[in-house]
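Per TrEMBL, the feature active site, proton acceptor maps to 194. Here TrEMBL flags 11, 12, 13, 14, 15, 16, 143, 258 as NAD(+) binding site. Here TrEMBL flags 14, 15, 35, 36, 52, 109, 143, 258, 283, 285 as NADPH binding site. Look at TrEMBL and you will find 109, 139, 194, 247, 257, 258, 259 tagged as sn-glycerol 3-phosphate binding site. Per TrEMBL, substrate binding site is recorded for 109, 258, 259. The annotation domain 'Glycerol-3-phosphate dehydrogenase NAD-dependent N-terminal' is assigned in TrEMBL to 7-163. Look at TrEMBL and you will find 183-321 tagged as domain 'Glycerol-3-phosphate dehydrogenase NAD-dependent C-terminal'.
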Ligand SMILES: NC(=O)C1=CN([C@@H]2O[C@H](COP(=O)(O)OP(=O)(O)OC[C@H]3O[C@@H](n4cnc5c(N)ncnc54)[C@H](O)[C@@H]3O)[C@@H](O)[C@H]2O)C=CC1
Ligand SMILES: O=C(CO)COP(=O)(O)O
């Protein structure tokens with residue numbers, strides 16, 4: 001049997017801890033970096049990360065540390081599991097520690113504010129590595145379901161197909177089924193945009209609307225996501241796949257989604273600050289990415305009406321009711 005891979009996961013929140021568990025269950029030696037020393041100690045001593053994954057027992061093959069140098073030492077893969085808007089700053093601190101041939105794997109689903117860059121672009125730039133060494137994992141992957149061992153599929157994307165296959169092998173378990181893809185643009189745009197559409201679905205749910213409304217938002221959300229992706233050079237077929245439609249449906253439909261839940265609170269009349277307080281520090285990426293995606297769309301002359309109203313609800317005081325009326329009152333057109 002081949003040697004187990006040594007893999008670092010940097011970020012011990014919901015998804016970082018869950019993906020570290022998947023990698024350990026797949027037979028790798030995994031070292032998980034936690035920002036707070038007490039979280040690393042809790043994982044090592046009790047095999048739990050209770051504030052993010054209550055009731056889940058983590059495998060013995062997974063160790064935790066608050067020392068990033070220890071986490072990445074001799075790692076074949078360094079998995080980046082911090083929120084999109086903090087990735088640049090975090091990675092700049094880790095860059096001098098990275099082993100020479102390490103593959104950098106992004107789990108984050110967002111577009112950077114100010115630069116409007118996708119996460120793989122931020123990683124290539126900050127780590128100063130060629131894009132063939134940057135991979136992305138994205139799909140219908142609600143952390144709590146996967147941590148409980150429920151089956152799902154995902155996409156591992158890298159422009160270097162061999163590297164994508166190596167990562168696919170490293171995270172393949174009896175409950176986690178990864179497919180490879182080389183379309184980083186399509187995969188990342190899908191992952192970032194679905195959070196914004198999930199906010200819209202949550203707002204609609206908060207307003208009391210049902211499945212027809214959700215389905216309409218999902219379908220038209222996919223249409224505007226595809227328009228943006230294609231303008232940026234993505235393969236339109238990617239949006240019909242797991243990281244596109246698959247993740248969009250999971251996130252828009254599930255009460256486990258932080259973005260959908262955030263939107264629902266707004267729809268029920270809470271303010272952004274109140275919804276943020278209720279999230280207990282967990283990230284709802286769409287709240288910031290709705291602004292960067294809207295700007296990216298404007299830069300490329302792409303119309304994204306749902307993203308536009310979500311941005312104005314989150315940041316310009318537009319009320320949910322008038323936002324819905326605005327979408328419904330748009331000019332009639334062919335599908
Ligand atoms: N939770 C999920 O089900 C999934 C999440 N994702 C994506 O993975 C990324 C990470 O998400 P989660 O682990 O769920 O987030 P989370 O909010 O549960 O955890 C974020 C982690 O990043 C750490 N961190 C490091 N530096 C930070 C800083 N400066 N500010 C804030 N946090 C910092 C936090 O301590 C925490 O451990 C996001 O982009 C998210 O969209 C993707 C798939 C599934
Ligand atoms: O990306 C996710 C599922 O694939 C998680 O969505 P939330 O960040 O909205 O919880």
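Cβ from N, Cα, C; glycine included.
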Subject >> Cα-proximity to residue 14 (NAD(+) binding site), 10 Å cut-off, over binding-site residues 52, 109, 247, 257 >> reply: 52
Subject >> Mean predicted confidence [pLDDT] for the domain 'Glycerol-3-phosphate dehydrogenase NAD-dependent N-terminal' (7-163) >> reply: 98
**OP:** Could you list, ordered by sequence, which of these binding-site residues: 35, 247, 258, 259, have a Cβ under 6 Å from ligand 2?
**Re:** 247, 258, 259
Subject >> Candidates 13, 15, 35, 143, 194, namely the recorded positions, that fall within 10 Å of residue 257 (sn-glycerol 3-phosphate binding site) by Cα distance >> reply: 143
**OP:** Measuring Cα to Cα, tell me the gap between residue 13 (NAD(+) binding site) and residue 109 (sn-glycerol 3-phosphate binding site) in whole angstrom.
**Re:** 14
Subject >> Helix, strand and coil totals (DSSP H, G, I; E, B; other) for the domain 'Glycerol-3-phosphate dehydrogenase NAD-dependent C-terminal' (183-321) >> reply: 105 helix, 0 strand, 34 coil
Original post:
Given the binding-site residues 12, 143, 283, and counting only Cβ atoms in the protein chains shown, which has the most within 10 Å of its Cβ?
Top reply: 12
Original post:
Relative to the Cα of residue 283 (NADPH binding site), which of the binding-site residues 139, 143, 247, 258 have a Cα no more than 10 Å away?
Top reply: 258
